[in-house]
Amino acid sequence: MDGDRVEIDGGIMEGGGQILRVSTALSCLLGLPLRVRRIRAGRSQPGLRPQHLSGLEIIRDLCEGKLEGGEIGSTEISFTPGKIKGGTHIADTKTAGSVCLLMQVAMPCVLFAASPSELRLKGGTNAEMAPQIDYTVMVFKPIVEKFNFTFNCDIKKRGYYPQGGGEVIVQMSPVKELSPINLTERGTVTKIYGRAFVAGALPIKLAKDMSAAAVRCIRKEIRDLYINIQPVREPDDQAFGTGSGIIVVAETSTGCLLAGSSLGKRGKNSDKVGIEAAEILLRNLKHGGTVDDSLQDQLIIFMALAKGVSRVKSGPITLHTQTAIHFAEQLTKAKFTVTKSEEDDPSKDTYVIECQGMGMTNPNL
């Protein structure tokens, strides 16, 4: 069997956990045995962290596969996938490792399972270096469902750095195949909304300050639009630990959703948190693309699996997206092209990501 293993270099390009997520999900879907070497070689703490290990374990359990080298700090793993089955699967990072990243690795696989699945994901819901759960629900979910599937995401408890302790339940039914998407028309921004939250020991005033600072910042650029950023205090029984943050979403006339978000941390002024989120949103609105830079790379695996040609207009291509494309092409028969968008104002940095998907079909349906 070992002669047929696909060899993956986990240290190239973005060089982080994303390589593991994309390649193990595709290994599971395509039944390809895999060896990943030099895992997170470029990071300050190379090798598997608890979050990456939880992701590998949920994939292993989803398909009754075999995982070797699955321990914290390991820089090489071998994975032999089995058959994807539905049912309930639990992944717990036991840290503030992101539940959203666990969702990223598991979701493509359970779409092609034999029966409906329930994923119980435990860890951080609003963590650094990962999409916040609010982003997943407000932006990722409505856009990714354009591939013609739906899922339910129930936030049972929010969890923050450093302990985590959050829990999210994702339910989804399998599909026969994924439809391609065409996201090339931005349209005009019709509304801007969001939520600024505090949890645990923090006063609601901080949420109000984040919200007000974000609104002031956006107002300098966009004057005539209603902006509704709700300050919220998370109920104590629905949050573990102390945390704060903000997400601001712009919706357009064609149904595009672009966002900016930021997390509070000790010593960081709450105005600064609000301004940071607003500036990220404004930057994403400037480039003229239909997706923001957090969504760009998350769509790649679905484009690769879909049947037909998907087209997405985006701003500058992130290293995460280049990395996802590289490994999607290495493992599937999908073909990607990235071209500078011609019809736009040449001063804008806009690109079209096009993919001829492999047309994965679910053998169980």
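Each Cβ is built from the backbone N, Cα and C atoms, and glycine gets one as well.
According to TrEMBL, the protein carries these features:
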type	residues	note
DOMAIN	13-338	domain 'RNA 3'-terminal phosphate cyclase'
BINDING	Gln104	ATP binding site
DOMAIN	184-285	domain 'RNA 3'-terminal phosphate cyclase insert'
ACT_SITE	His320	active site, tele-AMP-histidine intermediate
The most crowded of the recorded positions Gln104, His320, judged by neighbouring Cβ atoms within 10 Å of its own Cβ, is Gln104
Students should find that the Cα atoms of His320 (active site, tele-AMP-histidine intermediate) and Gln104 (ATP binding site) sit apart, in Å rounded to an integer, by 13
DSSP tally for the domain 'RNA 3'-terminal phosphate cyclase insert' (184-285), helix/strand/coil in that order, comes to 37 helix, 37 strand, 28 coil
On the domain 'RNA 3'-terminal phosphate cyclase' (13-338), the mean of the pLDDT values is 97
